[in-house]
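Student: Can you keep this structure in mind? I'll have questions shortly.
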Amino acid sequence: MIAVTGENMKAIDNYCIEKLGIPGIVLMENAALKVIKNIDLNKFNHFTILCGVGNNGGDGLAVARHLIVKDKKVDIFILGNIDKGSHDFMINYNILKNMNIPIKYIDNKKDLKTLEESLSKSDMVIDSVFGTGLTREVEGIYKDAFSLVNQKGKYILSIDIPSGMDSDTGKILGIAIKPNKTITFQLMKKGLVDNKNLAGDVIVEPIGMPKIAIDTVLNTNKDH
Ligand SMILES: NC(=O)C1=CN([C@@H]2O[C@H](COP(=O)(O)OP(=O)(O)OC[C@H]3O[C@@H](n4cnc5c(N)ncnc54)[C@H](O)[C@@H]3O)[C@@H](O)[C@H]2O)[C@@H](O)CC1
Ligand SMILES: [K+]
């Protein structure tokens, strides 16, 4: 099985969106449905969903919507400044606002209390803070939130990459979520292979990216 870097994945994403005309939100919705597919809905009924403000966070918001539609209890927390929200993150954010779904924001230490309350009641944590877009050490309130989740989370599912892990090298940048399971999209990531013992059970789920996108990007890269 091939394993790619975050950069490869971004290039494949962009090929699908720019060259083939598959809207990013379609890929994001496909991704969310593949996460739902891997949750035993007879076993898990109350979810703590921790979202960043990039497309990984957008995935988490779409998963939240599908769980709400299935009458699950969902506590949504956003880490980061939504003014910096990515385009596709904002689409899913606005849908939940239009549905009058309460969303909590973790900006400082006092907000950790509500996160802790949710963690004490929920039976699954969904980690959608960072994916392939992690660019630097995890610090401050992110670090506090991650250690709280690692301590109190009963069962943790990470979307695409355990947040805080570098998708290319598997290195932990300061601190990373320690998931029981990671659902990674379309292709295995090099970091998940190199640091498999910190990603839990890793499942690769295709999200509808045509072969032409993958082959073109990976073959052109091979030529360099
Ligand atoms: N259309 C697409 O490109 C798709 C992308 N997908 C998802 O999108 C992810 C990649 O999304 P993005 O490229 O938006 O990046 P991410 O969502 O992984 O993270 C980027 C965000 O985190 C911030 N950030 C990075 N490192 C930080 C740090 N140490 N402390 C605080 N903030 C930090 C960045 O400023 C940015 O806001 C993938 O992992 C996957 O989950 C999937 O939805 C499939 C479709
Ligand atoms: K993640």
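In case you wondered, yes, glycine gets a Cβ from its N, Cα and C as well.
Just so you know, TrEMBL annotations are computer predictions that nobody has curated.
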Student: From the candidates Asp83, Asp88, Asp127, Asp194, give the one listed by TrEMBL for the same K(+) site as Asn56, Ser163.
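Tutor: Candidate in the recorded K(+) site: Asp127.
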Student: Would you identify which residue of Asp40, Asp75, Asp160 TrEMBL lists as part of the (6S)-NADPHX site it also attributes to Asn55, Asn56, Gly57, Gly58, Asp59, Gly131, Thr132, Gly133, Leu134, Thr135, Arg136, Glu137, Tyr142?
Tutor: Asp160
Student: Between Ser163 (K(+) binding site) and Arg136 ((6S)-NADPHX binding site), how many Å separate their Cα atoms?
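Tutor: Between the alpha carbons of Ser163 (K(+) binding site) and Arg136 ((6S)-NADPHX binding site) there are 12 Å.
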Student: Could you tell me which three-state DSSP class Asp127 (K(+) binding site) falls into?
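Tutor: Once the DSSP labels are grouped into three classes, Asp127 (K(+) binding site) ends up as strand.
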Student: Could you state the CA-to-CA distance between Asp127 (K(+) binding site) and Gly57 ((6S)-NADPHX binding site) to the nearest Å?
Tutor: 9
Student: Rounded to a whole number, how many Å is the Cα of Thr132 ((6S)-NADPHX binding site) away from the Cα of Asn56 (K(+) binding site)?
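Tutor: Their Cα atoms are separated by 8 Å.
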Student: In the predicted model, what is the mean pLDDT computed over the domain 'YjeF N-terminal' (9-215)?
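Tutor: Mean model confidence (pLDDT) across the domain 'YjeF N-terminal' (9-215) is 98.
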